[in-house]
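Undergrad: Quick one: the structure is below, and I'll ask about it shortly.
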Amino acid sequence: MDGNEEDFTSQVIEVYDEEWSDTDEDGSDNYCTRDGSVDFYGKPAIKNLTGGWKSATLLLVNQGLVAMAFSGVEANLVIFLKLVLKQTNVEAANTFSLWMGTTYFFSLIGAFLSDSLIGRYLTTVIFQFVFIIVRSGVSDPALPTLGADQFDEEEPKERRSKALIYGYFYVALNLGSLVAETVLAYIATSGHWVMGFWICTSCASVSFLVLLSGTLRYRHYKSFGNPFSKFIQACVSFLRKMKFQIDSNGEGLYGIQRDGDTSVRRIHHTNGLRFLDRAAIVSDEATEMLLGEGHSAFIQMLSLFVEQGSTMDRTFFKFQIPPSSMTAFDIITTSAFILLFDVLIIPLYVKVMKRPPKLPGELQSIGIGLVITIITLVVAGFVETQRLEFASKDGEETSSLSIFWLMPQYLLLGVAEAFVNVAQMNFFTSETPDGLEGLGMGLSMFSSAIGCYVGNFLLTM
């Protein structure tokens with residue numbers, strides 16, 4: 001144990017030796033969080049010594065390094081399959097889709113483990129170690145939700161930070177991918193494949209050490225049990241209570257927050273799917289429900305866009321642009337849109353329109369992103385027709401059309417991702433019961449796996 005950890009441990013002991021259970025004049029706790037989070041030792045988390053942006057920053061750095069390691073392989077995989085393994089365009093795209101789909105599929109397993117069995121921290125630690133050996137998506141849903149756990153939802157200032165954390169996680173992921181898809185892509189496409197893969201391994205190892213460095217400072221939540229059994233319990237409860245009448249204002253339902261009861265947070269009662277309210281009628285047992293759905297359509301485009309760029313003129317002065325490096329325009333657009341939305345776009349709207357904007361909800365944001373995705377595909381189709389027109393007459397795949405013709409579709413794709421991905425994460429985590437946010441994140445990523453497998457099916461037709 002180094003000196004910093006010893007100092008931190010002594011601070012924890014000193015605070016616990018004091019009467020930390022004393023309350024302020026307003027009845028609130030002096031030292032501990034009010035959302036039920038605990039520290040490494042399983043005791044109530046102390047506000048000043050755990051969580052907050054110090055802990056979250058370590059997790060953001062970890063996310064960036066993990067993304068750099070993963071994207072270093074992902075960005076060049078299609079080219080590696082074509083040049084080294086001699087696969088055709090369709091075979092390379094299919095292999096890429098299956099690999100990505102399998103990665104996202106395992107995220108649902110990670111969500112189950114993090115919420116129900118071993119907790120988010122242990123899930124992240126164990127499977128990031130596995131990540132160094134072989135790519136696994138098990139830790140993917142646990143890491144962002146562990147980051148959100150570092151903020152107390154009962155504190156107004158920390159509640160605002162918690163609302164921003166998923167967007168920042170996505171930006172960290174994009175920044176790591178940006179380095180991978182520019183620097184590492186250039187190293188790999190120059191023929192130094194082994195060096196590129198070793199750099200990815202080093203990034204994964206450093207990210208693991210960064211994660212461990214904050215072990216004593218992270219806030220945790222105790223596991224909430226098997227979510228699937230709770231879902232089945234809700235269905236059975238609904239069937240058993242078919243004869244009960246439902247109050248129009250929601251009185252008598254388990255999900256309604258009681259006055260003064262802040263120990264357990266409930267899902268807000270809504271007018272949607274009211275027939276399922278019978279499952280929440282308070283009788284002999286309590287139930288919770290898990291609802292959520294989503295979809296993803298970006299993975300297939302990214303693989304095909306890289307293949308498209310590999311057959312175009314990649315010369316920029318005397319420099320050969322790696323095809324996967326064009327995704328930098330996608331990444332920069334997505335990150336800039338997320339970071340500037342609150343600080344630039346909304347203030348500019350207010351200045352011009354003289355009124356605050358009516359911001360879209362999560363589902364509306366996803367819908368906007370999907371519409372932009374359709375426009376992106378139309379633009380990509382137009383560019384492909386131009387590429388074919390400029391193709392060499394000798395039957396080669398290469399075209400004299402500049403690779404910079406791909407910029408518009410990458411920029412549009414970046415805006416679409418900014419609308420869809422962050423809104424999808426917020427939607428899935430907000431629609432799940434308290435303590436099962438990891439499962440919501442896993443469902444969000446699992447929808448991407450379905451998108452990969454559907455894309456693979458379409459390519460084989």
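Even glycines carry a Cβ here, placed using N, Cα and C.
The transmembrane segment annotation in TrEMBL covers 65-85, 92-112, 118-138, 165-187, 193-212, 328-350, 362-383, 403-427, 439-459.
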Undergrad: Counting a contact as 3 or more Cβ pairs under 8 Å, with residues at least 6 apart in sequence, do the transmembrane segment (403-427) and the transmembrane segment (165-187) touch?
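TA: Result for the transmembrane segment (403-427) with the transmembrane segment (165-187) is yes.
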Undergrad: Given pairs 6 or more apart, does the transmembrane segment (65-85) have at least three Cβ pairs under 8 Å with the transmembrane segment (193-212)?
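TA: Touching, yes - the transmembrane segment (65-85) and the transmembrane segment (193-212) meet the threshold of 3 or more Cβ pairs under 8 Å.
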Undergrad: Per the definition of 3+ C-beta pairs under 8 A with sequence separation of 6 or more, do the transmembrane segment (165-187) and the transmembrane segment (193-212) touch?
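TA: Per Cβ check, the transmembrane segment (165-187) touches the transmembrane segment (193-212).
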Undergrad: Could you give the residue numbers and ranges of same-chain residues that sit at least 6 residues beyond the transmembrane segment (328-350) on either side and whose C-beta is under 8 angstroms from one of its C-beta atoms?
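TA: Same-chain contacts beyond the flanks: 167, 170-171, 174-175, 177-178, 181-182, 302, 356-357, 407, 410-411, 413-415, 417-418, 421-422.
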